[in-house]
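K.L.:
One structure coming up, written as structure tokens, with questions to follow.
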Amino acid sequence: MCGILALLGCSDDSQAKRVRVLELSRRLKHRGPDWSGLYQYGDFYLAHQRLAIIDPASGDQPLFNEDKKIVVTVNGEIYNHEQLRKRMPNHKFRTGSDCDVIAHLYEEYGENFVDMLDGVFSFVLLDTRDNTFLAARDAIGITPLYIGWGLDGSVWISSELKGLNDDCEHFEEFPPGHLYSSKNCGLRRWYNPAWFSEAIPSTPYDPLVLRRAFENSVIKRLMTDVPFGVLLSGGLDSSSLVASVTARYLAGTKAAKQWGAQLHSFCVGLQGSPDLKAAKEVADFLGTVHHEFHFTVQDGIDAIEDVIYHIETYDVTTIRASTPMFLMSRKIKSLGVKMVISGEGADEIFGGYLYFHKAPNKEEFHKETCRKIKALHLYDCLRANKATSAWGLEARVPFLDKEFINVAMSIDPELKMIKNDQGRIEKWVLRKAFDDEEQPYLPKHILYRQKEQFSDGVGYSWIDGLKAHAEQHVTDRMMLNAAHIFPHNTPTTKEGYYYRMIFERFFPQNSATLTVPGGPSIACSTAKAIEWDASWSNNLDPSGRAAIGVHNSAYENHLSGVANGNLNATIINNVPRMVGVGSAAELTIRS
């Protein structure tokens with residue numbers, strides 16, 4: 001992933017404005033440490049910070065069409081770029097970059113080309129022939145993007161808040177699946193899949209169709225000119241399937257010829273955490289070179305301010321899960337890896353969160369999965385992208401492939417519903433699709449492992465330690481005044497109040513506050529799903545362990561010595577610091 005910044009129509013083409021754009025672009029350098037670019041045409045500025053994944057030698061940006069009249073700055077990966085090049089035989093491409101096709105597609109098809117792109121992207125395109133511009137964001141919002149407006153009539157677009165929050169009168173998140181055209185000065189949706197209407201589908205479940213769709217999604221994400229690996233943290237069943245399919249199809253790819261056919265895998269957790277043991281077992285089964293990283297609760301607490309600065313949210317569950325991923329990403333990058341494949345999105349598509357056990361019928365089940373997918377850009381996509389990009393690492397998420405989502409969301413939701421009496425646990429249709437007796441993808445007990453949210457799977461004492469830390473820094477009196485200090489999305493817990501204070505120190509503008517979602521949640525549910533169980537309204541917490549009666553280590557059964565969900569804060573200072581262990585202390589790449 002890269003960082004893009006655009007200042008458009010500012011009525012100022014002075015050297016001072018160029019210097020300011022460069023200064024703001026440097027705030028995004030962590031996203032693209034490999035090269036920087038800036039193009040100026042009158043009072044239009046397109047800046048780029050590059051993380052070189054495809055064609056590292058010649059794919060620097062901004063990119064142009066043949067006569068350089070169309071200019072584009074892009075953050076993303078276009079997986080079907082080779083097929084798109086073939087559709088434009090009369091065009092001459094300057095680089096081998098996958099993003100090079102965008103300017104040419106616009107020249108050939110106009111604004112309606114966006115749906116032709118198979119990949120993830122945020123881009124700004126300038127047409128100097130008529131001084132118009134176009135901005136667009138991928139279907140689900142895997143790449144982050146923000147838009148702002150200046151008092152001078154300018155439009156600002158940036159990969160992160162920090163690129164524009166100090167210079168705009170108002171700014172907001174650029175919505176996924178939309179494009180903004182200066183020709184009509186407005187947003188319009190370009191992504192309109194059948195599932196978006198939330199109509200109940202009826203396609204019969206075919207496990208082989210689902211399996212093949214996911215395998216195709218993983219295979220296309222093996223497009224890389226740099227070392228890569230897979231994550232085995234978080235929802236172990238989902239990320240393990242990603243790793244298994246990757247290992248199965250890696251041999252014979254261009255990536256394998258460049259870097260070797262043995263896959264590298266990565267996992268993070270507190271010593272003895274649920275994910276670490278399962279990840280090691282998966283790695284041994286798949287034969288990966290496994291890298292296991294440990295962190296302590298204190299390591300995580302020490303990183304919280306950096307995490308909030310980079311993730312740009314005060315949402316409790318996102319910060320809980322982002323911190324281990326942030327720490328792990330730094331370790332992965334230090335090994336020379338620039339891209340990882342991860343398992344985000346499966347729980348939203350298949351109803352994998354534990355609260356889905358209480359879905360009253362297939363209609364409610366399906367509508368909740370639709371709501372969850374639509375909100376991914378505010379939560380897991382934001383976490384996966386920004387926690388990795390903070391260290392110049394790219395995360396790819398095959399479960400959120402457009403074609404795969406179309407297949408998965410067309411299945412009759414009756415078969416997605418969790419029915420323990422019929423042996424159907426959460427994400428049963430996905431697990432069943434990869435339950436191959438002759439050529440197993442995973443050990444059966446891993447394939448059918450109960451869902452663990454990332455912030456739980458890294459170790460239960462992580463969340464308990466965060467609550468204890470917040471208890472030390474937020475008083476009861478502060479909580480009494482919370483509604484007056486934070487009238488929008490008023491924090492209801494000391495942990496939430498603590499994160500909010502840090503966020504507003506970095507991003508004090510009201511516009512920044514409005515970019516973060518709010519509302520009650522149980523085990524990562526939407527507010528609507530809380531209606532499924534009356535008892536949940538008294539136990540609101542985004543942790544999976546809040547699903548009392550469902551999670552095997554629910555709060556009611558866990559750590560009898562913990563009072564009100566908090567650990568004694570003294571325990572967090574007596575654990576070894578973050579270390580890396582495993583079969584490979586360094587990443588070995590075959591030349």
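Cβ from N, Cα, C; glycine included.
Feature table excerpt (TrEMBL):
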- Cys2: active site, for GATase activity (ACT_SITE)
- Asp98: L-glutamine binding site (BINDING)
- Leu231, Val268, Ser342, Gly343: ATP binding site (BINDING)
- 2-185: domain 'Glutamine amidotransferase type-2' (DOMAIN)
- Glu344: site 'Important for beta-aspartyl-AMP intermediate formation' (SITE)
K.L.:
With a 10 Å radius around each C-beta, find which of these recorded positions (Cys2, Val268) has the fewest other C-beta atoms nearby.
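P.N.:
Least crowded of the recorded positions Cys2, Val268, by Cβ count within 10 Å, is Cys2.
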K.L.:
Any idea which of the recorded positions Asp98, Glu344 has the thinnest Cβ neighbourhood at 10 Å?
P.N.:
Asp98
K.L.:
Rounded to the nearest Å, what's the C-alpha distance separating Glu344 (site 'Important for beta-aspartyl-AMP intermediate formation') and Leu231 (ATP binding site)? Just drop the number here, would you?
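P.N.:
Roughly 10 Å, rounded to the nearest whole number.
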K.L.:
How many whole Å apart are the CA atoms of Ser342 (ATP binding site) and the residue listed as 'L-glutamine binding site'?
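P.N.:
One finds 21 Å between the Cα atoms of these residues.
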K.L.:
Average pLDDT across the domain 'Glutamine amidotransferase type-2' (2-185)?
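P.N.:
Average per-residue pLDDT within the domain 'Glutamine amidotransferase type-2' (2-185): 95.
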K.L.:
The record names Leu231, Val268, Ser342, Gly343 as the residues that bind ATP; what is their largest Cα to Cα distance in Å?
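P.N.:
Those residues reach a largest Cα separation of 14 Å.
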K.L.:
For Gly343 (ATP binding site), just count the other CB atoms lying within 10 A of its CB, please.
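P.N.:
There are 26 of them.
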K.L.:
Measuring Cα to Cα, how many angstrom lie between the residue listed as 'L-glutamine binding site' and Val268 (ATP binding site)?
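P.N.:
Rounded to a whole number, the Cα-Cα distance is 31 Å.
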